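Chemist: Take this structure, written in structure tokens, and hold onto it; I'll ask about it next.
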Amino acid sequence: MAEIPEAAVAAPTPRVRGFWVIPSAAARRVGRGYFALQAVAGAAWWVAVFTAPGVREATLGRIDPVLMGLFDVPLFVLGSAFAATGDARPVARRAACAVAVWTLLVTAGLGVYATITGEAGWGALIMTAASVGTTAAWLLVSYGRIPAEALLAGPLGFDTAGSASLGRQLARTLLQLSGFWVLFLAALPALIVFVEHRWALHLPLPAWSRALGSALLLLASALGVWAAFAMSLRGDGTPLPSASANRLVVAGPYRWVRNPMALAGIAQAAGVGLVGESWLVVVYALCGALYWNALVRPFEEADLEVRFGAAFVSYRQCVRCWAPRLRPVPAPPIAE
């Protein structure tokens with residue numbers, strides 16, 4: 001994993017707000033703290049591998065623990081400890097980068113091994129989580145922030161929809177909703193369910209989970225459709241960030257909650273997980289919420305503030321992002 005040039009991770013525009021995306025010494029400390037915890041956890045895991053056969057079987061399968069430990073202890077455990085001791089010094093940054101590269105390699109290897117053999121599934125899952133955490137910690141230690149805007153390009157970038165008739169905007173919206181549902185509510189959950197069973201990670205959910213999931217999926221889908229149509233009818237745009245509304249929308253569900261599309265999408269994914277009795281799909285939904293809130297929302301709201309100015313600022317002060325209001329905000333005073 002090559003070092004990212006400092007210019008490529010320069011601080012975003014002043015309107016962007018968010019702990020994880022704005023450079024700070026506190027964010028670097030969080031990164032170092034993560035590496036310290038990872039070093040301790042990694043050392044404890046290796047102790048368990050050699051003292052608890054159940055842990056060794058669940059996380060390594062038939063992989064030789066001695067051979068694995070010869071590489072993993074210095075590159076993962078000691079490397080994490082070393083990365084935790086530095087600040088922004090080049091040597092500590094290189095150590096953090098090396099740990100991230102090794103973690104990604106181990107994750108890929110364990111993932112392939114678990115898929116082929118059906119063994120070491122818990123090890124593959126743990127290392128998948130470690131890969132995400134290590135990569136984020138490397139960025140925090142090195143640059144004091146996570147340059148999430150690098151992923152907000154193309155269809156995920158921020159731009160307004162081209163002028164079109166209402167019928168055309170509605171057609172675009174329906175096409176986008178269909179694509180979103182197929183990819184994020186069908187294809188990806190199906191892949192996760194396959195992995196959950198192939199890696200022997202499946203855990204039974206309560207009997208009532210399917211009924212709860214069905215109700216959640218139905219209600220969240222209705223909310224998503226309502227929000228999408230409000231975006232087209234009142235905003236002359238679509239839910240896709242790169243073809244978003246030309247006018248600030250304070251209508252429909254947007255009078256209760258600031259981003260009903262995100263809320264609906266997360267709830268839909270959780271509902272799919274409950275219906276399919278997959279705890280990993282529910283985790284996937286929660287991870288989506290964390291990712292959007294921490295790394296996408298700051299840039300999306302900065303874009304809205306640039307485009308709509310005081311009207312959006314007033315709206316943001318009146319309507320929360322995740323928790324719906326008990327009473328809808330009056331549309332006329334803040335709608336454009």
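Don't overthink the numbers, they just go from 1 along the chain as shown.
Yeah, the Cβs are placed from backbone N, Cα and C, and that goes for glycine too.
Below are the features listed in TrEMBL for this protein:
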{"type": "TRANSMEM", "residues": "34-54", "note": "transmembrane segment"}
{"type": "TRANSMEM", "residues": "66-84", "note": "transmembrane segment"}
{"type": "TRANSMEM", "residues": "96-116", "note": "transmembrane segment"}
{"type": "TRANSMEM", "residues": "122-141", "note": "transmembrane segment"}
{"type": "TRANSMEM", "residues": "174-195", "note": "transmembrane segment"}
{"type": "TRANSMEM", "residues": "207-229", "note": "transmembrane segment"}
Chemist: Looking only at residues six or more beyond either end of the transmembrane segment (122-141), which have a C-beta under 8 A from one in the stretch?
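Modeler: Residues 1, 4, 9, 20, 27-28, 30-32, 34-35, 38, 58-61, 80, 83, 86, 88, 92-93, 96-97, 99-100, 103-104, 106-107, 110-111, 113-114, 147, 199, 201.
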Chemist: When each of 66-84, 174-195, 207-229 is checked against the transmembrane segment (34-54) for Cβ pairs under 8 Å, which one has the most?
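Modeler: Answer is 66-84, with the largest number of Cβ pairs below 8 Å.
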